[in-house]
Amino acid sequence: MEPNGTVHSCCLDSIALKVTISVVLTTLIFITVAGNVVVCLAVSLNRRLRSLTNCFIVSLAATDLLLGLLVMPFSAIYQLSFKWSFGQVFCNIYTSLDVMLCTASILNLFMISLDRYCAVTDPLRYPVLVTPVRVAISLVFIWVISITLSFLSIHLGWNSRNGTRGGNDTFKCKVQVNEVYGLVDGMVTFYLPLLIMCVTYYRIFKIAREQAKRINHISSWKAATIREHKATVTLAAVMGAFIVCWFPYFTAFVYRGLRGDDAVNEVVEGIVLWLGYANSALNPILYATLNRDFRMAYQQLFHCKLASHNSHKTSLRLNNSLLSRSQSREGRWQEEKPLKLQVWSGTELTHPQGSPVRTRLSHSSCLLSLSLLSFIWKLGTWIHHRRPFQPSLHISA
């Protein structure tokens, strides 16, 4: 009985562990997809965010969104089942997508650091340095490097030790790494961008401190200290998240290339892999939420939904109140009018084809719409009392 109880306890622990891991991975996937969808939606609905500076942030969000949709779900299934069940051909496609999107995500972060470095260190020449053509070339460069290190290398077998494109074990699916591929991929994808990002963000931090000290002569010492603290926290969060998420993975990646594909424990390999994926969930927070324009766009985006809901409820209460007051003196015409008003208030929240799309809804617009509702209702009531024998005209009006 004791051995059976021990086995049962181990099984329960295993099931509980799997459930916990599945909840964590599912939550991470959801945050990655939802966060990057919000970034793309905010840029598409807010014209103020459609700038060259935000091209790299949109590219980063699109890359992380594809990673959350095309790669992370299969990685979660593979991590929980401990075997690959989708065939060797799809394994090559999956690993190629994984390497390509992770590489593109990191290179987008690298380009963002260069863009901000140019904007802070030489703001007067920034429009000359950062042009649409150069931004387009940078984006093409990101994807050329990413595709070269992923699809091209994996499908030509540049990453394997024996020249084959797939492993011998059909139930395993992970990127093979030889010495050359491990060192080249690690240097191009992570270590070289990390070094340059450290230099650029250090320069940005120094300039931010100098500006805070200059402001200190004009404003209060406390305000300058707060600005300096915010700049420090922001840059520390950006660099800290990047290093914590990706440094363990690329250390294990290069170590596998030097020592062999089985040199790293599978559990450790899975942990560092998902730690790298977590950076895609943090990017919308670090690179968008810390931006004032993006924060305003988020507020307008969510406030629009809340204001639309409140406006609809207020219009319904107004219709019901007007209906109850008019039932004692009006006939069939008053029973149809609230429906007309309700439909009209609904069209206030939609956009007919061919009209310009409203991107935000504020309290003032809600109050204006309610005022117009009240005015039209009073005007219709006045016309009805003046011309009581033409109710059909009042309804159409």
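Here, residue 1 is simply the first one shown, and the rest follow in order.
Quick reminder: no glycine exception, Cβ is built from N, Cα and C everywhere.
A simple way to gauge crowding: the CB of C91 (disulfide bond) has 22 other CB atoms within 10 angstroms, across all the protein chains here. The DSSP secondary structure for C91 (disulfide bond) is helix. The feature disulfide bond is assigned by Swiss-Prot to C91-C173.
The annotation N-linked glycosylation site is assigned in Swiss-Prot to N4 on the grounds of sequence analysis.
The S-palmitoyl cysteine annotation in Swiss-Prot covers C304 and is backed by similarity to another entry.
Here D98 (site 'Essential for histamine binding') comes close to L67, V71, S75, S150, V175: these same-chain residues lie at least six apart in sequence, with C-beta atoms under 8 angstroms from its C-beta. For D98, the entry in Swiss-Prot reads site 'Essential for histamine binding', with the evidence type similarity to another entry.
The site 'Essential for tiotidine binding and implicated in histamine binding' annotation in Swiss-Prot covers D185 and is backed by similarity to another entry. DSSP gives D185 (site 'Essential for tiotidine binding and implicated in histamine binding') a helix state.
What Swiss-Prot lists as site 'Implicated in histamine binding' is T189, and the listing cites similarity to another entry. The local packing around T189 (site 'Implicated in histamine binding'), expressed as other Cβ atoms within 10 Å of its Cβ over all shown chains, amounts to 24.
According to Swiss-Prot, the topological domain 'Extracellular' annotation covers 1-22 (among others).
The topological domain 'Cytoplasmic' annotation in Swiss-Prot covers 45-57 (among others). Over the topological domain 'Cytoplasmic' (45-57) the predicted model carries a mean pLDDT of 88.
Swiss-Prot lists 82-92 (among others) with the feature topological domain 'Extracellular', giving sequence analysis as the kind of evidence.
What Swiss-Prot records for 115-134 (among others) is topological domain 'Cytoplasmic'. The helix, strand and coil residue counts that DSSP assigns across the topological domain 'Cytoplasmic' (115-134) are 14 helix, 0 strand, 6 coil.
The topological domain 'Extracellular' feature in Swiss-Prot is assigned to 160-179 (among others); the stated evidence is sequence analysis.
Per Swiss-Prot, topological domain 'Cytoplasmic' is recorded for 204-233 (among others), and the stated evidence type is sequence analysis.
The topological domain 'Extracellular' annotation in Swiss-Prot covers 258-266 (among others), and the record cites sequence analysis as its basis.
Per Swiss-Prot, topological domain 'Cytoplasmic' is recorded for 289-397 (among others), and the stated evidence type is sequence analysis.
Only residues 6 or more beyond the boundaries of the transmembrane segment (23-44), in the same chain, are considered here, and those with a CB under 8 A from a CB of the stretch are 50, 54, 57-58, 61-62, 64-65, 67-69, 72-73, 76, 79-80, 274, 277-278, 280-281, 283-285, 288, 294, 297-298, 301. What Swiss-Prot lists as transmembrane segment is 23-44 (among others), and the listing cites sequence analysis.
Beyond the ends of the transmembrane segment (58-81), by six or more residues, the same chain brings 18, 21-22, 25-26, 28-29, 32-33, 36-37, 39-40, 43, 94, 97-98, 101-102, 104-105, 108-109, 112, 139, 142, 173, 270, 273-274, 277, 280-281, 283-284, 287-288 to within a C-beta distance below 8 angstroms of the stretch. Under the heading transmembrane segment, Swiss-Prot lists 58-81 (among others).
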Number of Cβ atoms other than its own within 10 Å, given for C173 (disulfide bond): 23
Measuring Cα to Cα, how many angstrom lie between T189 (site 'Implicated in histamine binding') and C91 (disulfide bond)? 22
When you scan the chain for residues with a C-beta under 8 Å from the transmembrane segment (180-203), skipping those not six or more beyond its ends, what do you find? 99, 102-103, 106-107, 109-110, 113-114, 116-117, 120-121, 145, 149, 153, 158-159, 235, 238-239, 242-243, 246-247, 250, 253-254, 256-258
Taking the Cβ of D185 (site 'Essential for tiotidine binding and implicated in histamine binding') as the centre, count every other Cβ atom within 10 Å, in any protein chain shown. 23
The topological domain 'Cytoplasmic' (45-57) resolves under DSSP into 7 helix, 0 strand, 6 coil
For C173 (disulfide bond), the three-state class that DSSP assigns: coil
